[in-house]
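**Q** Quick one: the structure is below, and I'll ask about it shortly.
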Amino acid sequence: MNGTEGPYFYIPMLNTTGIVRSPYEYPQYYLVNPAAYAALCAYMFLLILLGFPINFLTLYVTIEHKKLRTPLNYILLNLAVANLFMVFGGFTTTMYTSMHGYFVLGRLGCNLEGFFATLGGEIGLWSLVVLAVERWMVVCKPISNFRFTENHAIMGLGFTWFAASACAVPPLVGWSRYIPEGMQCSCGVDYYTRAEGFNNESFVVYMFVCHFLIPLIVVFFCYGRLLCAVKEAAAAQQESETTQRAEREVTRMVVIMVIAFLICWCPYAGVAWYIFSNQGSEFGPLFMTIPAFFAKSSSIYNPLIYIFMNKQFRHCMITTLCCGKNPFEEEEGSTTTSKTEASSASSSSVSPA
């Protein structure tokens with residue numbers, strides 16, 4: 001083993017020199033330069049500085065404007081709530097611990113940070129899955145005359161919380177565990193050890209299959225079918241410039257969604273799986289730290305993609321920020337009108353939300 005395993009921690013450094021110390025009790029500056037901890041603290045501060053106002057604004061604007069309180073936007077709000085969970089439950093904790101150079105909050109703090117970060121990330125992930133299924137059901141109409149109602153939205157919300165809890169709760173009750181990872185300033189699922197009594201192997205396999213591969217397959221299937229539906233609608237009206245424009249816009253939106261999904265989760269999942277399947281191999285603390293915190297940046301670009309590309313929401317947001325007046329109202333209105341005309345073949349559901 002090319003690391004040091006202790007009670008409720010694993011440090012990616014052999015203790016041949018005797019300098020390895022518990023990440024709950026001592027600064028870990030022997031792992032990386034102290035400047036790296038300062039950089040991590042600054043990065044977390046940036047995520048808080050950007051993530052909180054973006055997601056809070058999403059909630060505030062939706063509450064203020066009644067026309068935004070639609071069933072589909074319930075899921076978008078759920079995404080914002082999930083991101084706020086990550087901001088308050090994960091980012092603030094990591095910023096504080098990185099200031100000290102170790103997980104100063106102890107074992108209980110590690111459990112709480114790992115739980116809230118995992119819960120927020122999983123709620124966000126499954127919210128994207130529900131959005132993908134909704135787009136597929138409405139646009140492609142596998143069930144004729146299907147209409148996404150408030151009851152469907154509530155069921156979708158319940159499903160996201162159930163699925164997220166099914167991933168975040170088990171490490172708290174003995175199926176796997178949360179331990180400090182990377183630079184030892186944040187906590188995640190134990191991919192690193194085969195500690196007796198925790199069944200880490202079975203939980204990691206369950207987590208990858210049920211909470212990564214299945215969501216990925218569903219998202220690809222739904223958006224793949226959505227692209228086909230848009231192309232078919234455009235082919236039926238080849239002389240309509242607005243339809244062709246709608247096809248290009250939706251194609252661009254879907255490509256951005258899928259790429260963001262992959263960029264957010266694949267590096268972290270790939271590194272975690274490598275560590276799990278090559279336990280005992282040599283790797284540095286930054287090997288897991290960089291993809292883990294890159295995945296956490298989804299709290300910023302998720303709302304930008306899934307909400308700010310929504311013309312109606314953007315109009316309401318600008319109106320709120322400009323004290324009741326949208327200086328771009330005419331442009332926004334004409335764009336929305338053309339979008340509605342272009343998407344008539346699919347009941348105006350081709351355009352983003």
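From the backbone N, Cα and C atoms, a Cβ is placed for every residue, glycine too.
The feature topological domain 'Extracellular' is assigned by Swiss-Prot to 1-36, 97-110, 174-202, 275-286. The N-linked glycosylation site annotation in Swiss-Prot covers ASN2, ASN15, ASN200, and the record cites sequence analysis as its basis. Under the heading transmembrane segment, Swiss-Prot lists 37-61, 74-96, 111-133, 153-173, 203-224, 253-274, 287-308, citing similarity to another entry as support. The feature topological domain 'Cytoplasmic' is assigned by Swiss-Prot to 62-73, 134-152, 225-252, 309-353, with a curator's inference given as support. Taken from Swiss-Prot, the feature disulfide bond covers CYS110-CYS187, and the record attributes it to sequence analysis.
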**Q** Of the stretches 37-61, 203-224, 287-308, which racks up the most C-beta pairs under 8 Å with the transmembrane segment (111-133)?
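**A** If we count Cβ pairs closer than 8 Å to the transmembrane segment (111-133), 203-224 scores highest.
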**Q** Hey, how far is ASN15 (N-linked glycosylation site) from CYS110 (disulfide bond), Cα to Cα, in Å?
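**A** That separation, Cα to Cα, works out to 23 Å.
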**Q** Find, among the disulfide-bonded residues listed as CYS110, CYS187, the one whose Cβ has the highest number of other Cβ atoms within 10 Å in the structure shown.
**A** CYS187
**Q** Sort ASN15 (N-linked glycosylation site) into helix, strand or coil using the DSSP assignment.
**A** coil
**Q** Excluding the flanking five residues on each side, which residues at least 6 beyond the ends of the topological domain 'Extracellular' (275-286) place their CB within less than 8 Å of a CB in that stretch?
**A** 1-3, 12-13, 28, 31-32, 36, 182-184, 191-194, 201, 204
**Q** For CYS187 (disulfide bond) and ASN2 (N-linked glycosylation site), determine the Cα separation and express it in whole Å.
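**A** Taking the Cα atoms only, CYS187 (disulfide bond) lies 20 Å from ASN2 (N-linked glycosylation site).
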**Q** With Cβ distances under 8 Å as the criterion, find the stretch in 37-61, 153-173, 287-308 that has the most pairs with the transmembrane segment (74-96).
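**A** If we count Cβ pairs closer than 8 Å to the transmembrane segment (74-96), 37-61 scores highest.
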**Q** For the topological domain 'Extracellular' (97-110), what is the mean per-residue pLDDT, to the nearest integer?
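**A** Result for the topological domain 'Extracellular' (97-110): average pLDDT 95.
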**Q** List the same-chain residues at least 6 positions away in sequence whose Cβ sits under 8 Å from the Cβ of ASN200 (N-linked glycosylation site), in sequence order, or say none.
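**A** Those within reach of ASN200 (N-linked glycosylation site), by Cβ under 8 Å and sequence separation of 6 or more, are SER176, ARG177, ASP190, TYR191, THR193, ARG194.
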**Q** Can you name the far-off residues of the same chain, 6+ from the ends of the topological domain 'Extracellular' (1-36), with a Cβ under 8 Å from a Cβ of it?
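**A** Same-chain contacts beyond the ends: 100-104, 106-107, 110, 177, 179-180, 183-185, 190, 192-193, 195, 279-288.
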**Q** Can you tell me whether DSSP puts CYS110 (disulfide bond) in helix, strand or coil?
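**A** Its secondary structure by DSSP: helix.
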**Q** Going by DSSP, how much of the topological domain 'Cytoplasmic' (134-152) is helix, how much is strand and how much is coil, in residues?
**A** 10 helix, 0 strand, 9 coil
